[in-house]
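Worksheet: the structure to be examined is printed underneath.
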Amino acid sequence: MMKSIQLCILLWCWRAICCHSCELTNITISIEKEECRFCISINTTWCAGYCYTRDLVYKDPARPNTQKVCTFKELVYETIRLPGCARHSDSLYTYPVATECHCGKCDSDSTDCTVRGLGPSYCSFSEMKE
């Protein structure tokens with residue numbers, strides 16, 4: 001009986017790891033430009049899910065401790081024209097679209113690696129309803 005319970009727990013954990021791994025997901029982000037003074041929401045794809053990681057109890061200075069996160073492996077960029085911007089202003093906005101994901105180190109040059117970032121729906125202006 002105990003072996004059956006242990007096997008069920010093991011299979012459940014395996015399923016949780018395999019079925020909820022790092023993968024593409026649809027998200028809605030708010031985009032804004034200073035010249036336009038409002039936000040619009042657009043749909044794009046980004047990476048989300050779980051990556052195996054561990055934090056050592058005893059830190060070894062000779063061995064760097066890098067936490068792996070679900071992040072993009074490949075990106076493309078799409079450009080849209082924001083409606084309602086002032087004349088003679090640049091109304092084009094380019095945003096990233098993830099096409100492939102993996103578990104890897106967070107690249108702070110291109111990604112918000114903070115624990116509590118502003119989030120994809122943050123907007124400093126009022127939102128324009130289409």
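The backbone N, Cα and C atoms fix where each Cβ goes, and this holds for glycine too.
Feature annotation from Swiss-Prot assigns signal peptide to 1-19; the stated evidence is sequence analysis. Among the features that Swiss-Prot reports, disulfide bond is placed at Cys22-Cys70, Cys36-Cys85, Cys39-Cys123, Cys47-Cys101, Cys51-Cys103, Cys106-Cys113. Per Swiss-Prot, N-linked glycosylation site is recorded for Asn26, Asn43, and the stated evidence type is similarity to another entry.
A coil conformation is recorded for Cys51 (disulfide bond) in the three-state DSSP classification, outside any helix or strand. Across the structure, Cys106 (disulfide bond) and Cys70 (disulfide bond) are spaced 8 Å apart at their Cα atoms. Secondary structure at Cys39 (disulfide bond), taken from DSSP and collapsed to helix, strand or coil, is strand.
Here the Cα atom of Cys51 (disulfide bond) is found 6 Å from that of Cys70 (disulfide bond).
Calculated from their C-alpha atoms, the gap between Cys103 (disulfide bond) and Cys70 (disulfide bond) amounts to 5 Å. The 10 Å shell around the Cβ of Cys47 (disulfide bond) contains 23 further Cβ atoms across the protein chains shown.
Cys39 (disulfide bond) sits 11 Å from Cys85 (disulfide bond), taking the C-alpha atoms as the reference points.
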